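Working notes, beginning with the structure itself.
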Amino acid sequence: MKFFIVLLAALALFTPAFGKTFTRCSLAKEVYALGVPKSELPQWTCIAEHGSSYRTNVVGPTNSNGSNDYGIFQINNYYWCQPANGRFSYNECKLSCNDLLTDNISNSVKCARKIKSQQGWTAWSTWKYCSGSLPSINDCF
């Protein structure tokens, strides 16, 4: 019996975090609750849909410059967050990239809004899928 309890405890400690998967509407509601205007919700849901499939724990494949993109909005670690491996980053959002991989998306939203204010929607490579038609969020509220 002790072995079984120890085994369960060990599995609980070493089980990888799977992150949260939002739906279009659950993401729209959460982002709105974090202060994003309703008029921007279609853009944010589109970026999340095409960048991470609405998943919080996604680390994208390595880019041509050796960087990676993190979290639900696929935020780049060369410019915006500090990677755990200590590699150089401008870290404009002043946070660890791991902070963008949690179920609490407040850091992701704050950083993404900073990116948008400095570079616009085209900062996201997935914007090409959004610029012509955006998902409706009318049925979400």
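From the backbone N, Cα and C atoms, a Cβ is placed for every residue, glycine too.
Annotated in Swiss-Prot:
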SIGNAL    1-19  signal peptide
DOMAIN    20-141  domain 'C-type lysozyme'
DISULFID  C25-C140  disulfide bond
DISULFID  C46-C130  disulfide bond
CARBOHYD  N65  N-linked glycosylation site
DISULFID  C81-C97  disulfide bond
DISULFID  C93-C111  disulfide bond
CARBOHYD  N104  N-linked glycosylation site
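Location within the structure of each feature annotated in Swiss-Prot.
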| residue | record | DSSP (3 states) |
| --- | --- | --- |
| C25 | disulfide bond | helix |
| C46 | disulfide bond | helix |
| N65 | N-linked glycosylation site | coil |
| C81 | disulfide bond | coil |
| C93 | disulfide bond | coil |
| N104 | N-linked glycosylation site | coil |
| C111 | disulfide bond | helix |
| C130 | disulfide bond | coil |
| C140 | disulfide bond | helix |
Euclidean distance between Cα atoms of C25 (disulfide bond) and C130 (disulfide bond), Å:
17
C93 (disulfide bond) versus recorded positions C46, N65, C81, N104, C140 - nearest by Cα:
C81
Looking at the recorded positions C25, N65, C111, C140, which has the shortest Cα distance to C46 (disulfide bond)?
C25
To the nearest whole angstrom, state the Cα distance for the pair N104 (N-linked glycosylation site) and C111 (disulfide bond).
13
Given the disulfide-bonded residues C25, C81, C140, which lie within 10 A of C111 (disulfide bond) by CA-CA distance?
C81
